[in-house]
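> Handing you this structure, nothing more for now.
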Amino acid sequence: MNSSQTLVIKLGTSVLTGGSRRLNRAHIVELVRQCAPLHAAGHRIIIVTSGAIAAGREYLNYPELPATIASKQLLAAVGQSRLIQFWEQLFSLYNIHIGQMLLTRADMEDRERFLNARDTLRALLDNGIVPVINENDAVATAEIKVGDNDNLSALVAILADADKLLLLTDQPGLFSADPRTNPDAELIREVEGINDALRKMAGGSVSGLGTGGMETKLQAAEVANRAGIEVVIAAGGKPGVIGDMMAGASVGTRFHGQKMPLESRKRWLFGPPPAGDITVDDGALKAILQRGSSLLPKGILAVEGDFSRGIVVRIRSTDGRDIAHGVSRYNSDALRMIAGHHSQDISDILGYEYGPVVIHRDDMILC
């Protein structure tokens, strides 16, 4: 086994419930049992757990509730405390302390909050405490949700400068076709780079309790890989899966991280879900891609979404291709006013300015 490593383990609802309506306690105990010797050996373990809504529904004896966001948040509020209590009880069997962190998209979008979350996470790890992380579903609305714990786990892996991200699911890995409907589907063992062909292979989740299918796992793998983090998608029910993966055994589908990973700030730029889109003309597109230029207001054709200055947004071409992520120096309303204008006109149009560029090249990363 390698020297001390940082491992993020994401456990989906389908793994935690075994496909049923309640938490599969025996199976979760087994997963904790696999983590204990790794922790004792000096590895830094982080758990990203789903299951708050399922736990809340079980605790309230499966109430009949309207299918609304408020109902889900009610269940999450009740279930989150039950879920963290459960994790604490199990890890305490091995004299391991845990610390709870609840995150939202806003914690990832804002650079200062991102750094604060990173410092908290590292402090827990430095003191031998296992962080147990979930999205704060009790307060998060669509506008501030990461959206699924697959992508959340990739962002957590970036926060922690993790070596590996293990996505445990109800499937053995990524298949060439949907194994539930195609008996000829083959398990893909190694992936060097994610492309459109792989994305087409990704199927949806069959669990009504979860939010992430194989497509979101590919998105998470792509984000983590760009940061140099190795990702494995594997079956959570496979005996010894965590230890086998750490020992380098062939488990599930392994996505290799970039050999030249992004620097720390660039990782952050690619991590948060973009708060909005900026469509640019062909001239701006060429300047960004071929000359590494900053984005000027003159090259902006359209702005979508509502966002503040200092937030990560996405730059897109006129044919809808994702070109880059970057930090906008102007909010969305201001951008709509200065779009298509020269930089020297910004002050006259807005009555103020934060400089001649909308997104500086140092605050930008190509997709």
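Quick reminder: no glycine exception, Cβ is built from N, Cα and C everywhere.
Swiss-Prot lists these features:
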type	residues	note
BINDING	Lys10, Thr169, Asp170, Thr211, Gly212, Gly213, Met214, Glu215, Thr216, Lys217	ATP binding site
BINDING	Ser50, Asp137, Asn149	substrate binding site
DOMAIN	275-353	domain 'PUA'
> Quick one: of Asp137, Asp170, which of the binding-site residues has the smallest count of other CB atoms within 10 A?
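Counting other Cβ atoms within 10 Å of each of the binding-site residues Asp137, Asp170, the minimum falls on Asp170.
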> Give the helix, strand or coil assignment DSSP yields for Asp170 (ATP binding site).
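Looking at the DSSP assignment, Asp170 (ATP binding site) belongs to neither helix nor strand, so coil.
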> Counting all other Cβ atoms within 10 Å across every protein chain shown, which of the binding-site residues Ser50, Met214, Thr216 scores highest?
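Top count of Cβ atoms within 10 Å goes to Ser50.
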> Cα distance, Ser50 (substrate binding site) to Lys10 (ATP binding site), nearest Å?
8
> Which residue counts does DSSP give the domain 'PUA' (275-353) for helix, strand and coil?
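Going through the domain 'PUA' (275-353) residue by residue, I get 28 helix, 21 strand, 30 coil.
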> Met214 (ATP binding site): which of the binding-site residues Ser50, Asp137, Asn149 is the nearest Cα neighbour?
Asn149
> Per the record, substrate is bound by Ser50, Asp137, Asn149: how many Å separate the farthest pair of Cα atoms?
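Site span for substrate, by Cα atoms: 11 Å.
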> Can you tell me how far the Cα of Asn149 (substrate binding site) sits from the Cα of Asp170 (ATP binding site), in Å?
15
> Have a look around Asn149 (substrate binding site) and count the other CB atoms within 10 A of its CB, chains all included.
27
> Around Lys10 (ATP binding site), how many other C-beta atoms are within 10 angstroms of its C-beta?
31
> Round to a whole number and give the Cα-to-Cα distance in Å for the pair Ser50 (substrate binding site) and Thr216 (ATP binding site).
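Taking the Cα atoms only, Ser50 (substrate binding site) lies 14 Å from Thr216 (ATP binding site).
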> Using DSSP with the three-state reduction, classify Lys10 (ATP binding site) as helix, strand or coil.
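Going by the DSSP assignment, Lys10 (ATP binding site) falls within a strand, counted as strand.
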> Express the distance between the Cα positions of Thr216 (ATP binding site) and Asp137 (substrate binding site) as a whole number of Å.
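A Cα-Cα distance of 18 Å.
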> Quick one: pull the CA-CA distance for Asp170 (ATP binding site) versus Asp137 (substrate binding site), whole Å only.
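Cα-Cα distance, Asp170 (ATP binding site) to Asp137 (substrate binding site): 22 Å.
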